[in-house]
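As recorded in TrEMBL, the features of this protein are as follows:
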BINDING   B:Arg235, B:261-262, B:275-279, B:292-299, B:Asn313  FAD binding site
DOMAIN    B:34-215  domain 'Electron transfer flavoprotein alpha/beta-subunit N-terminal'
Amino acid sequence: MSALRILVPVKRVIDYAVKPRVNKTQSAVETAGVKHSMNPFDELSVEEAVRIREKKRAAGGVEDICAISAGPAKAQDILRTAMAMGADRGIHVEVKEGDDLEPLTVAKMLQKAVEKEKSNLVILGKQSIDDDAAQTGPMLAGLLGWPQATQASKIEFGEGDSVTVTKEVDGGVETVRARLPLVVTTDLRLNEPRYASLPNIMKAKKKKLDKVTLGDFGLENEKRLKVVRVTEPPARQGGGKVENVDGLIGKLKELGAL
Amino acid sequence: MLPTARQLLARPRLGLVTSSLHLATGRSGRFLSTLAILEQRDGQLNAGSLSALTAAAKLGGTVHGFIAGSKASAAAEQAAKVGGVEQIITVDNEAYEKGLAENYAPLLVENIKKGSYTHVITGHTAFGKNVAPRLAALLDSQQISDVTSIEDEKTFVRPIYAGNAIATVESSDAVKILTIRGTAFAPAVPDSGKASIVQGVDPKAGSTSEWVSENLAKSDRPDLATASKVVSGGRGLKSKEDFDKVMLPLADALGAAVGASRAAVDSGYADNSLQVGQTGKVVAPQLYMAVGISGAIQHLAGMKDSKVIAAINKDADAPIFQVADVGLVGDLFANVPELTEKVKAGQ
């Protein structure tokens, strides 16, 4: 079995616990001064890559775990977190603050990175919690012509580069099998990401972090979608409380729900 | 039981759009044609995927449907009865039955090229999320995911940040690929339409992945994604036994589907496929009853478009009460069985 060279794309997003606010000009969500963290699904990707190595799950072993992120300078914090969790090195694709990339551009960038880094397994989150697109993984697989296993809750390595993945689908789970090279996207049930320990955070500061630009990959930030406006969703007003079950039934009947 | 109320709603709206179909095409000056990709299993149409036909009709222009699988023709006959649909394209080949993206996406590319479609629509379901982005990449198109509203042929509305913001975007792509939120477009109703059924192109592309098995939760209750009533349990249920003992009788008394919060799923009280929220299912039933669910933003993302929200929680300060139309502060283990009995007695 081939040794694994795992590429783990990670994204810096507004922390999941923060309630996002639309900016005054209704052009985007306010990001200045807001807590950011690694996209939760990407933490699962890093954790899985590290576990594959630690538990020696793949017969060929893990030769390299490379985290990659496109974003402003602060995206490096996210890459350091990935390295503190166990990634060997990082690649930062510098993009100006506020100059977000569309998933298709990210997929094209990752395609180039895969070719350059000779990756044979890419583990991505199933979606980022900011734009909720859920596109980059399958787009990358399509561009590379590789098989894909989306919304993975279990990844097992077999003989001769075969990988069996259990996927979360509507109504239950589905199991598919493919051969390396492969693109996998992670679902919540895949694992529980570790916290980076202080010594590992210190060690991560010494790990290699390359800086590149989209131009180095022969790409530019092409926008296919124009954001016309971003608005707050219509607010929902609580309708008050009732004293007991009879009150509940009465109110539901009044609202036509029973 | 199918959500009849919603289907009734679908009719007049579909009719309206269909009658203005030629006008819309004339105004835009460019021929619009949309391919709606329908999901099927063993020749049975997935009811939720009929929403793609409703969304397609909203664009104006020609509407074609696409179905592939081992018994695609059987499903095609159902879909052909949807009014306003001109043609259903089928590819009968077992290789596409499981919707493996590796061969399904190239299959779509061939049929989209042949039909010169300007728009391709499928549901934002596990299938749509798997296949559509791969297709989009092959066509070099920036997909628009989880669309909740179509403003015109190039302008679409979609929620971002777990539904905490609503983005309106304009696409400049030649072929626009959309996945749509099923709850935002009522499923089209197969009625007295007479679309022609034609065989599609089959490039017979091999798949680089193989389907091994599936394990689907079997249930006689309504499907969560399309049910008109949903009762959902959270961490407050304490155990799987209690979840089953408290929630299932209530669901049955109401004729509701069962949902769960992430906490309940992670704790093993309910199956993963029942999770409602940003990372699970998005539902918008007539009635959503949240039991023992605090109401984190990730959960609200999956249910806050419900018509009526009811909450039962012992914590009077739980955020769920800020969105609930009716809230009951109290012990769910006493209140839910009482509610179940009274609902049953009222029938």
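Every residue gets a Cβ built from N, Cα and C, even glycine.
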Message: Quick test of understanding: given the binding-site residues B:Arg235, B:Gln278, B:Ile293, B:His299, name the ones whose C-beta is under 8 angstroms from chain A.
response: B:Gln278
- prompt: Here the binding-site residues are B:Ile293, B:Ala296; which one has the lowest number of other Cβ atoms no more than 10 Å from its Cβ?
  reply: B:Ala296
Task: Pick the one among the binding-site residues B:Gln275, B:Gln278 whose Cβ has the fewest other Cβ atoms within 10 Å in this structure.
output: B:Gln278
CB within-chain contacts under 8 A for B:His299 (FAD binding site), separation at least 6: B:Gly234, B:Ser261, B:Arg262, B:Val276, B:Gly277, B:Gln278, B:Ile293
Field: Under 8 Å by Cβ from B:Arg235 (FAD binding site), counting only residues of that chain that are 6 or more apart
entry: B:Ser261, B:Ala263, B:Ala264, B:Ser267, B:Gly292, B:Ile293, B:Ser294
Message: Need the DSSP three-state call for B:Gln275 (FAD binding site) to compare against my parser.
response: strand
Message: Give the mean pLDDT for the domain 'Electron transfer flavoprotein alpha/beta-subunit N-terminal' (B:34-215) on the 0 to 100 scale.
response: 96
Task: Please classify the secondary structure at B:Ile293 (FAD binding site) using three-state DSSP.
output: coil
